[in-house]
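Trainee: I'd like to ask you about the structure that follows.
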Amino acid sequence: VLAGLERGEGGLKSLVYNSGFPHVRQLYALVSETLRYASVLEKLLDGAALLQAEKKLPPQLAKVLVYDLLFGKGLKCGGRWKALARRHRARLEAELARMKVRQKVSRNEDLLAPEQAVSPAGPAASQVPRYVRVNTLKTCVDDVIDFFKRQGYAYLGKAASMEELKALSGKKFLLDLHLPELLVFPSQTDLHDNLLYTSGHIILQDKASCLPAFLLGPVAGSHVIDACAAPGNKTSHLAAILKNKGQIFAFDVDPKRVAAMNTLLTRAGVTGCQLAQQDFLTVDPRDPKYSRVTHILLDPSCSGSGMVTRGPGQEVAPSAERLQALAGFQRRVLNHALSFPALQRLVYSTCSLHQEENEDVVQAVLQQWGSAFRLVTAFPSWPCRGLAAFSGAESCLRASPAETLTHGFFVAVLERYREGAAAPSSLPAAAKENPQPGEGTEPGAAPKKKKKKKQRVK
């Protein structure tokens, strides 16, 4: 990925997703942090003469190895690369100590230039916790909590405020205050090697990324389309909401992303999902296969400007021309999704902060459809609303590191309007069908013990 960035083959996000590596978020974070420390790593490599001593070691790989060895969680790789890096560990650590003395600093982070020390997404990015969605296809919240307690974590109950999430530290975790089946850990918690993750019992998914499937909320037995599905976290969330009852049609045009998604869905225990390597815009809404599709989740390609794990070497802020091109595509794909004849409810989401890709797209498409569809005021208790670009934009949701302790995100919920129909519901149908105990039907209520346990992990 680093070599591709240097050759100008694409942006960080596209190169990571096209890499074929199954754990794309882990890879994204590793490359981003290596880029952030790039100038420090180059000085370390020069001072320790590592590339002179190991002439067959590619410079980009050297940077990743040294970052992981000195600044990361320790080397996760095996074989000769791990042995090579450890062979030079003493020399590298001595050079790092000399750098700190020369710059009169004591922390690694203090070696960074001011513009590198803070994520481009803003200082609040470092406060975004580690969110863990319990995969209810394989287990339940209470069993996962018990498992982490046995691993030495302290469970603090359901969060009552954002401040509680922000204050998490050490080996402590909470149940999220908004979303059911979402656990919250301190931001630096690494669970990629945890048994629950490798077995598919938990999904490492940002809270904002959980909103689209939750707010679509199809009832078990529904037919659903995930239009731009890879890498598959939202698809697996839909399957959990459907309880693997019904049908999901998931599309993505990239063969490598489809293969990685198939691996993820298999690990998560998803059934009843037809995965197709196909551009959603080429799918015929009149095909009898889709005649019962009542729900569509649409998370199209976007600028990715809301992702907080961003580092130097990525795309700069998109130009006006790039935003125009993205918005044009997003309008086309949203129009196409609304043309499915049985559609009742649709969620449009992006990980973009730009109004051009969010409120402006929704406004333009709603105007084209007249009174056929209307916005739902979804999740009224959510603190961050849409920008007032048009009347009704406050029905949309926004998310940001500063306000919601998540990635930057946008979500709009549209429902088909029929004359004489009741006012659109702020809760998805699935939430009303299966209210969470303890707090009526409010989203995010804490689940209680289930009588029947699923695949208890010991």
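In case you wondered, yes, glycine gets a Cβ from its N, Cα and C as well.
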Trainee: Can you check which of 82-109, 278-305, 306-333, 418-445 TrEMBL lists as coiled coil?
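Mentor: Within the set 82-109, 278-305, 306-333, 418-445, TrEMBL attaches coiled coil to 82-109.
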Trainee: Where the record says Cys228, Ala229, Ala230, Pro231, Gly232, Asn233, Lys234, Asp252, Asp279, Asp299 bind S-adenosyl-L-methionine, what is the longest distance in Å from one Cα to another among those residues?
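Mentor: Binding-site diameter by Cα atoms for S-adenosyl-L-methionine: 19 Å.
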Trainee: Quick one: Cα separation, Lys234 (S-adenosyl-L-methionine binding site) versus Cys351 (active site, nucleophile), in Å?
Mentor: 13
Trainee: Just the number: how many Å between the Cα atoms of Cys228 (S-adenosyl-L-methionine binding site) and Cys351 (active site, nucleophile)?
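Mentor: Distance between the two Cα atoms comes out at 13 Å.
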Trainee: In this predicted model, what is the average pLDDT of the domain 'SAM-dependent MTase RsmB/NOP-type' (120-417)?
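Mentor: Its mean pLDDT is 91.
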Trainee: Cys351 (active site, nucleophile) to Gly232 (S-adenosyl-L-methionine binding site): how many Å between their Cα atoms?
Mentor: 15
